[in-house]
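For reference, TrEMBL has these:
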type	residues	note
BINDING	Asn61, Asn62, Gly63, Gly64, Asp65, Gly127, Phe128, Ser129, Phe130, Ser131, Gly132, Glu133, Asp156	(6S)-NADPHX binding site
BINDING	Asn62, Asp123, Ser159	K(+) binding site
DOMAIN	11-217	domain 'YjeF N-terminal'
Amino acid sequence: MALKTLSAKAAAALDRELMSTGAFSIDQLMELAGLSVSQVVARVHPTKQGRRVLVAVGPGNNGGDGLVAARHLFHYGYQPAIYYPKRPKNDLYQRLVKQCEDLEIPFVDDFFAALESTDHVVDAIFGFSFSGEVREPFPAVINAMAETKVPVTSVDAPSSWDINEGPPKSGVGSNFHPNVLVSLTAPKPLVKYFKGRHFVGGRFVAPSIAKKYDFDVPKYEGIDQIVEITDNQVKI
């Protein structure tokens, strides 16, 4: 099966469809996305390779996915820490933070110090809706992820990448190539520029909705919420 990609516009429309005719709440979608991310981290970086996971969280839905992933990773036996410098006042995000605080997952102020003492990084800063300029404090964070030897897993899109055109030609993120990418629901066109391990997560789309948006749901095995795919399985 060749998986088709979803443009940013189509991905946004799909999210709206899932929350209208699909009858999902944003909480549900975020929970399922974060669960998928946590399963990918557990697959590519089992606890025997190191339990410390630093989750870099942005101010939007991508960041919410990261908060959910951190919670699940804690329950898997990892030792997550969260960098969350831009916190919206939205009730949903405040509840996700509270859930992590109740588990005594630390929130760190110094990303760079935390990066020096972690075994894996989850990049949940910007997702498919990102466009424009990377604003503070994230330029230095993205550059640090680009330069670190610590493996990085990005959620839906490597932060700073254009959803269609991939990494910027220059500036912040131009040399950012994470080790792992988790495409949520379906791959985005930027995958043609990505060379690491690639997973699709989000085992919840009804066949009728997938047909309407002209993309294929991959074959998930057993109880997995994720499936690893190769370059020749994606149709750009």
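Placement of Cβ uses the backbone N, Cα and C atoms for every residue, glycine included.
Known features from TrEMBL, placed on the structure.
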residue	record	CB count, 10 Å
Asn61	(6S)-NADPHX binding site	22
Asn62	K(+) binding site	26
Gly63	(6S)-NADPHX binding site	26
Asp65	(6S)-NADPHX binding site	32
Asp123	K(+) binding site	29
Phe128	(6S)-NADPHX binding site	27
Phe130	(6S)-NADPHX binding site	19
Gly132	(6S)-NADPHX binding site	5
Asp156	(6S)-NADPHX binding site	30
Ser159	K(+) binding site	27
Record lists Asn61, Asn62, Gly63, Gly64, Asp65, Gly127, Phe128, Ser129, Phe130, Ser131, Gly132, Glu133, Asp156 as binding (6S)-NADPHX; longest Cα-Cα distance in Å?
22
In Å, rounded, how far does the Cα of Phe128 ((6S)-NADPHX binding site) sit from the Cα of Asn62 (K(+) binding site)?
8
Applying the rule Cβ within 8 Å of the centroid of the Cβ atoms of Asn62, Asp123, Ser159, what extra residues of the same chain belong around the K(+) site?
Ala56, Gly58, Gly63, Gly66, Ala124, Ile125, Phe126, Gly127, Ser154, Val155, Asp156, Ala157, Pro158
Residue pair Asp156 ((6S)-NADPHX binding site), Asp123 (K(+) binding site) - Cα distance, angstrom, rounded:
9
Mean pLDDT for the domain 'YjeF N-terminal' (11-217), rounded to an integer?
95
Please report the Cα separation of Asn62 (K(+) binding site) and Phe130 ((6S)-NADPHX binding site) in Å, rounded to an integer.
10
